[in-house]
Amino acid sequence: MSGPLASGTCSDPEEVSDLKSPLSSRFREPLTHARFQELFGGAEPEPELPAEPCLPCLCRLRRRRASACSGPGAWRVLLARLPPLRWLPQYRWRAWLLGDAVAGVTVGVVHVPQGMAFALLTSVPPVFGLYTSFFPVLIYSLLGTGRHLSTGTFAVLSLMTGSVVERVVPEPLAGNLSGIEREQLEARRVGAAAAVAFGSGALMLGMFVLQLGVLSTFLSEPVIKALTSGAALHVLVSQLPSLLGLSLPRQIGCFSLFKTLAAVLSALSQSSPAEVTISALSLVLLVPVKELNVRFRDRLLTPIPGEVVMVLLATVLCFTSSLDTRYNVQVVGPLPGGFPQPLLPTLDELPRILADSLPISLVTFAVSTSLASIYADKYSYTIEPNQELLAHGVSNLISSLFSCFPNSATLATTSLLVDAGGNTQLAGLFSCAVVLAALLWLRPFFYYLPKAVLACINISSMRQMFFQMQELPQLWHISHVDFAVWIVTWVAVVTLNVDLGLAVGVVVSMMTVVCRTQRVQCLELGLAEGTELYRPIRESRKLLQVPGLCILSYPAPLYFATRGQFHRILEWHLGLGERIKPGAEPVRVAILDFSGITFVDAAGAREVVQLTRRCQDDGIYLLLAQCNALVLETLTRARLLDSVSPEQLFVSVQDAAAHALERLKPTGPKICTVWV
């Protein structure tokens, strides 16, 4: 092996065979890949599809389709697509029913005020938040695999949808609208929000058909947390006009956060003292209650419903004091009874809305899947990402027919459900029962609810998202790169908007992956005396090296982005180019350890083939060790065996090194052994 003598160079290859062998060692011949296949056999080759369908193939295909349509086949499909058919027979009624009922009612009680609050964030009337807290929850309970997941309105999605609604159906510049004109404007906005839900649901169903559940891995944890934290700041700023009683047009597009702040500061003198007082008192109650629920979650039988208490107090105060007429406090007003008629959303704006539906569908899937995975790991069960795509796709698609806006799982209500003792998706049905009761019998009560209270509920629900910034010091300690991704994504979300911030975060995150693979260092290996282990020589000065033998390990995928780096590193170590490793002896035998190369693309395979030819031209005997089956198959298709013989492909570095040492011996019998 080429390298400095300080690393324990062995002057004579004969000395290597005289090293102290490991205790209880046995000896065998070095195994090439071909010899290993001959002794132990290989995997069964997958049958290739014929170029033209033959009669036996058509018969097999017909039998397969007939089996899928048979009774057992249909039952298997139902079991796969309707999770309740799997978990209901195993449901522990005595142990779980009470917990599911209490948790479902608790979450449902919170859904009512939060749904109305997030509806205002979506720029639609409050009652549509109640619809979005009912239909999607019901559908997910039937199709979802997350036993502890709570779905419904989500502040980040409401903010993103509200921006689309404001762009597609802007507020008229005149400002003063008649009652009929206001109803028409609200109807158009409801239709736009439902169209966004329809588009995002259709996209998720398309991803389900294509089995693209793996896409959730492209939204890394730093990107998701930075996105939600930055969106929480957008929510806070967007609610300032409602907190202060200001009637300001909603800002959309890039720099909307700063535009809103500037508009609020310029109109600060026009604030309503009554609504400022209501907002201050609401926050004084809501924020401490949230903190108490977190700090004493182990001592409380069920979390304190601060939102419900605040809604009751504010509504009674506004009704008894006539705040809406005496001080012009904005209230929710009348809510329509029952449910809306199923109606296909207007698709005229769908081409414009579809581009906005894509990031919404990605955020929906990524947040829901990550939350479901966290609790699945905690409670030892598994979720199915592709089934989650189906559940959220159907949930958004069908609920859009009932004028619902986009929905997903939420961190606040999911943690609330778990803390309250929820065990299965059955808790969602109890939550739906509470929302249904509010829609059927409690509508008149919400007439006098101040909108400022709903704004305070929006802000207080962002508490956990703001506190995600506390994890930054730990993230910096673990990985500087992930810390940089978090900061860049957060700045992009805050400065631009949520959609562009998400795109920036994904691009930066993917670029860091590419950059990490391009900065990989090739490791030169040496033998640990008395063992069969080959370790990087930079880890110890006592590792043995043999003159003329170079063992290299490249611990990264070999593809188009790393091809140049691989080429330069191998040239430098083997002395094939103009830049030669200083103090290195000429290499006679080289071993490439492929155990760290997980995959090779066409460009990488051609680079390996070119390397073997250059080694032949320079008189270097090249051996490849420990290629996985996929890498070896790709190299074979690139005509690697035209440049090397099967006798140069070994199953391990130890086997290749034993063969190389025999080749370096000037005389002696050509018999070599490997310690095992």
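A Cβ is built for glycine as well, from the same backbone N, Cα and C atoms used for every other residue.
Swiss-Prot assigns the feature transmembrane segment to one of the listed ranges (353-373, 542-562), namely 353-373. Counted over residue pairs separated by six or more positions, the transmembrane segment (149-165) shares at least 3 Cβ pairs under 8 angstroms with the transmembrane segment (353-373), which defines the two as touching. Against the transmembrane segment (226-246), stretch 101-121 shows more Cβ pairs under 8 Å than any other of 101-121, 190-210, 426-446.
Contact between the transmembrane segment (426-446) and the transmembrane segment (190-210) does not hold: fewer than three of their C-beta pairs are under 8 Å, each pair 6 or more apart in sequence. Panel annotation: around the transmembrane segment (101-121), residues 127-130, 132-133, 137, 150, 152-155, 158-159, 162, 235, 238-239, 242, 302-303, 305, 307-308, 310-311, 332, 405, 412-413, 416-418, 420-423, 426-435, 438, 442, 446, 449, 451, 453-455, 457-458, 461 of the same chain, lying at least six beyond its termini, place a Cβ under 8 Å from a Cβ of the stretch. For the domain 'STAS' (539-660), the DSSP-based tally of helix, strand and coil residues reads 52 helix, 21 strand, 49 coil. Within the chain, the transmembrane segment (190-210) has long-range Cβ neighbours (under 8 A, six or more residues past its boundaries) at 122-125, 128, 161, 164-165, 168-169, 344-347, 349-350, 353-354, 356-358, 360-361, 364-365, 386, 389-390, 392-401, 403-407. Taking pairs at least six residues apart, the transmembrane segment (398-418) and the transmembrane segment (353-373) share three or more Cβ pairs below 8 Å and count as touching.
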